[in-house]
Amino acid sequence: MIIKPKIRGFICTTTHPVGCEQNVREQIAFTKSKGAIENGPKKVLVIGASSGYGLSSRIAAAFGSGAATIGVFFEKPGTDKKTGTAGWYNSAAFDKVAKEEGLYAKSINGDAFSNEARATVIDLIKQDLGQIDMVVYSLASPVRKMPETGEVVRSVLKPIGQPYRSTAIDTNKDVIIEAEIEPATEEEVAATTTVMGGQDWELWMSALQEAGVLAEGTRTVAYSYIGSDITWPIYWHGALGKAKEDLDRASAAIDSQLAKIGGGANVAVLKSVVTQASSAIPVMPLYLAMVFKVMREKGIHEGCMDQIYRMFAERLYNNHNPAELTDDKNRLRLDDWELREDVQQACRELWPKVNDANLFAETDYQLYKDEFLKLFGFGVDGVDYDAEANPEADFEVITL
């Protein structure tokens, strides 16, 4: 079929398999161009492995460190009538290139919050790898089905305390609007922490450790975002921020458990990038359009792959000066360039000046739009979008 983008709100309902594969190949080529990661991991589990930072982590481990990887994700395959999710095509492409290069790669498609997923992963590790030495936790799901009760808990993107009013972009019409969001209730904050906090990460690490599949010196990392005062009301000081604080709590608990086997846990605080998750957050598209422009002008702009390679090579597996690599909460800070005062001050000055007439000129909004479409495999260089594409992509995957 000939596949074109169809956008509804902050989701593109179609995806392009060839474009997704090309995206993955570009990330792999970038990783290889940077060279091997010194002292990198060799057997890696990535929970949430099909897009964004999770996919980049799997690529960094496999193609930067020669690691065997197991990826867990929840995606829909394409059929002869309908395209699958981008994450399905990303994972199919990863599997294809990994196999071409003789790397071990196995994938599990199912609910990563479930006990079944944990049991399946543990069996697979025992059968194929014996033990693993790194666990990346990169889930960004709006809902969580509780493994014991089956209750479905939903997260919210809301402020705490008072309504949040701010300039934002209506990304369907490309115009500036005033967004207003009512504050979260106590129940909504608690639910958001249940879904987006550190509890599930702890369940995974406990299950893996109890099963004896974690090697001596195992490292684990989960991803967070703090941002600046521009986005704090909706993010760090909002319901999502409470969930991310819970991630810090979990990190400390897991770290003390892993210390028994000479390992450790960290939260990695990453920069803002265009992902399906970030496009759903009011204010983020406008902030991203601004911060991209400022960081590009200063020569410090990074995408998912750049960030994750830097995290592996310069933070997580940099054994030269470990004390300097974390902040006072033992977090790996990869948002250091974004949060530089000169970058944030430029964004603050730009914020009140942006209007409908100058949106494209004063910010990198076009880059934001391009990056958003690329998430779904569209607008990728070297892909013929007028050609027929096969929406069915099969690869070695265990479906739960």
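In case you wondered, yes, glycine gets a Cβ from its N, Cα and C as well.
What Swiss-Prot says about this protein:
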type: ACT_SITE; residues: Y235; note: active site, proton donor
type: BINDING; residues: 48-53, 74-75, 111-112, 139-140, K244, 273-275; note: NAD(+) binding site
type: BINDING; residues: Y225; note: substrate binding site
type: SITE; residues: E75; note: site 'Plays an important role in discriminating NADH against NADPH'
Among E75, Y225, Y235, which are recorded as recorded positions, the nearest neighbour of S50 (NAD(+) binding site) by Cα: E75
The one of F74, Y225, Y235 whose CB sees the fewest other CB atoms within 10 Å, among these recorded positions: F74
Structural state of K244 (NAD(+) binding site), classified by DSSP into three states: helix
Assigned conformation of S50 (NAD(+) binding site) - DSSP reduced to three states: coil
CB contacts for V274 (NAD(+) binding site) [other CB atoms within 10 A, all chains]: 24
Winner by Cβ contact number (other Cβ atoms within 10 Å) across the recorded positions E75, D111: E75
Around the Cβ of G52 (NAD(+) binding site), the count of other Cβ atoms that are within 10 Å: 24
Distance, the residue listed as 'active site, proton donor' to K244 (NAD(+) binding site) (CA atoms, angstrom): 9
Candidate recorded positions E75, Y225, Y235, pick with smallest Cα gap to D111 (NAD(+) binding site): E75
